[in-house]
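So that you can see what the record holds, here are the features copied from TrEMBL:
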- A:41-69: transmembrane segment (TRANSMEM)
- A:50-110: domain 'Cytochrome oxidase subunit II transmembrane region profile' (DOMAIN)
- A:90-112: transmembrane segment (TRANSMEM)
- A:147-222: domain 'Cytochrome oxidase subunit II copper A binding' (DOMAIN)
- A:251-344: domain 'Cytochrome c' (DOMAIN)
Amino acid sequence: MKDWMGKIRTLSLFSFLVIILSACGKDNLTALVPKGYGAEQSFNVIIISILVMIVVFVVVMAIYVYVILKFRQRKGQEDQIPKQTEGNKTLEVVWTVIPILLLIIIAVPTIASTYDLADESQKEDSINVNVTGLQFWWNFEYANEEIQTSQELYIPVNERIYLNMMSSDVIHSFWVPSISGKMDVSPENENTMYIEAYEEGVYWGKCTEFCGDSHSLMDFKIVVVSQEEYDQWIDGMQNTDPEYTAETATAQEGQELFENSCISCHAIDASANHPVVGPNLADFSNRTKVSGISDFSKEEIVRWIVDPAEVKPGNGMLDAPYLQENSIGQEEAEKIADFLMELKATDEPVDSVQQFRENEANDN
Amino acid sequence: MVATNKKGFGAALWDYLTTVDHKKIAIMYLIAGGFFFIIGGLEALAIRWQLVKPMNDFVSAGFYNELITMHGTTMIFLAAMPLIFAFMNAVVPLQIGARDVAFPFLNSLGFWLFLFGGIMLNVGWFTGGAADAGWTAYAPLSTTSLGEGVDYYVLGLQISGAGTLMGGINFLVTIVNMRAPGMTYMRMPLFTWTAFVASALILFAFPALTVGLFLMMFDRLFGSGFFDPAMGGNAVIWQHLFWIFGHPEVYILALPAFGIFSEIISTFAKKRLFGYTAMVFATVLIGFLGFMVWAHHMFTVGMGPAANSIFAVATMAIAVPTGIKIFNWLFTLWGGSIQINTPMLWALGFIPTFTLGGMTGVMVAAASADFQYHDTYFVVAHFHYVIVGGVVFALFAATHYWWPKMFGTVLDDKLGKITFWLFFTGFHLTFFIQHFLGLMGMPRRYWVYLEGQNLDLGNLISTIGAFLMGVGTIVLLINIIKTSVKNEKVSGDPWDARTLEWAIPSPPPFYNFKQLPLVRGLDPLWIEKTEGRKGMTPAEPLNDIHMPNNSFLPFVISLGLFIAGFGFIYQKHDLSWLIVLFIGMGITLGAMLVRSVKDDIGYHIHKEDLKKEAEE
């Protein structure tokens, strides 16, 4: 019996350790290792409330265990009738007042940080990005720089960025756990939040408001770069050429196919004048992922073009005429992929993106 | 009058189709609610199986969305609520020493509306797809969802919601008007108190849902634009309407659960409830605050810091009366003589589980922290701790506790304990880890999660736990079958309990109390027993008892609305379906007319017959 109890204890201790060790998750996705201002603010409140709650739980469990061990009916006591106590005013006041005090400890920092995270006083002097959520991708328009891009939001490190967010269909929610808490993206009111990242790198973003078939695949990234890299990137994006001509022969064939089938929805230059129909493909060669979720490789691009329904069920591309007409097969898609992989804003590869692709390759 | 045993199957069925007896209605609620609980459970297992490994392809994205939508809707509206109603029907009139509910006909109507509404919701599965916009059906996803799934949701909930509203009103009137002599408000058992407050919440909360569902029905079926921004509507209004109903709904479920545990803890600790007065006030306060906090479901909607802060603090305030309850239960146990059988085991399992759920409730209430939790598995974990750890545990406990009163037999204690340990272990395995999954970046309602995001292990553990809960439930079903086959009758008071329902035989005669009992304090039966009496002292001489007649009309009225529902849905494709709509409404209105013009004054059981029966 004793031995058995010991085993249980070791086992539960071990499983608890496993949980703790794995509890932090993937470091560019988890909210438990904050790498940005909003995430840090939320994390502080999380920690305060967990500490208070642990105290409460320990007290409750101590009484609970004591009571069950001490007052459990034993053999031969079946007919015993305990004293019928009515209550105890003092005790009841104690367990009313103490929780109120504990709640105040949580409420004060909660309110302070809630107001802090809604602060818009620096909006005018900061980078402003207009975010549009669509089924099932994200469009980012840099308001002052007059460029737009999709799926990947480039921001400079240690700089406050204001996001002005609206949806063009159903409600979505913008969440990059390592950088900041989430904010809904609604079709009628513009919601504003700001983000600030502490470290360069690529951070994983998720849609958290249930938005249809591919809700679980509506991923995006925040690419945090140095100020210098950011300026370079903006400059490159502003100079992406709508009249670009592909270099290799297959890419040129791909470009022709692209111009016949894809251009009505997808722009290849980053000018902000394009209506938001499909993702803007400028600087495509620097994408961390294909369609936000698949590894960046020619193979995955081809898979996406040939059968987008398999990759993201219910997405808007399924209405594209080429799919009804079956006009693009494996071979054509490969040529288009060659063309897309040539699209870039600058010749310098972005450090964070390179690093991210390497890490992803190692992880899988 | 144990005529049911002698009757054929047809006659017994007819008896149940027409009954207005609250105890039979309770059994029907138990069977129907149990059936939907199993359906909802199977949906849950399908969800967990899909998430057993990353990028699984067990179900398609569209089907998965139907599964999560129907799992939530089924569990809340078709399992938890009806099962709570089952025990309210079985127990409340008995606990207050009444012969019936105030409106027996309405009680039956409420049940049939719920059942037909529930069937309507599930018909969607067979006609091209169930609802797929989440159980909360947020606009514009719900208003633009293709197919008829969401239409079935809207009409099914509308019909069954009407039934719930009637049930709530009925219990309010019953508890106010039908208490036995001496049963003052402050002598009512806590389960009756919680049923009372829950009914009051139903009275105020369900109309909000009704209004919301009407607006959504107009948007979807008749092209209005209440929730369509392009037409000048407002999508977020749906969220307000939904949660003004939806948050109190949590307490409509949880308060009766607290009541159930209060009864069980006090019975098996052999002590009166510690701090009864405080418990009553805490119940009322929780009910009241439940209405003040709906917008905490909407911290990320963009309401601004002022609204977020107010709703955050109001929400945290609920922890105070809930905490009072937890400590009062602990101090009821303190100094008691605790007998640990199956119902008590559920109650003891409930205390730490619900404490955890309440604690994460306070954490989620902290608006700026909720920006991280919202719509993730953290929230999924939190509300399952509250609703499963509170409500479902209570339903399991109540099933074991009141089974002898409802059926006259006791469920097997060994099997009951096996059910408990399987379900309890499975539950914590499933949901504890989900707190971490949420913070590690797993949003809720995700059909798949990507590989290499460190979410695999947690999801695997979670799925294993879910299946353990499934096995636990199967053991309960085996237990029920075994007990029914053995059919060993027990006395009216097998637990040596304290409240009035145990003062009469099990199962009770159809008129409940031959003579209304005289209530002289809290735990009236206990008082009589400690003074050496076997049962209650009657408060009146033996007299004729007035009883209502059975009626088939509630079934017909509900059937009419069920038929009309199809007319409403399909007229959007083809106007000839309007005929079905009119036929259905005709049946309902016709049956209502019959009810209005036909005198039905019931009948009397004569005291001579009662005497004769007593002598037999």
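Including glycine, each Cβ sits where the backbone N, Cα and C put it.
Taken together, the residues in the domain 'Cytochrome c' (A:251-344) have a mean pLDDT of 94 on the 0 to 100 scale. Among residues of the same chain six or more beyond the transmembrane segment (A:41-69), those with a C-beta under 8 A of the stretch's C-beta atoms are 31-32, 34, 99, 102, 105-106, 109-110, 113, 116-117, 180-181. Across the domain 'Cytochrome oxidase subunit II copper A binding' (A:147-222), the DSSP tally of helix, strand and coil residues reads 3 helix, 43 strand, 30 coil. Mapped onto DSSP classes, the domain 'Cytochrome oxidase subunit II transmembrane region profile' (A:50-110) shows 44 helix, 1 strand, 16 coil.
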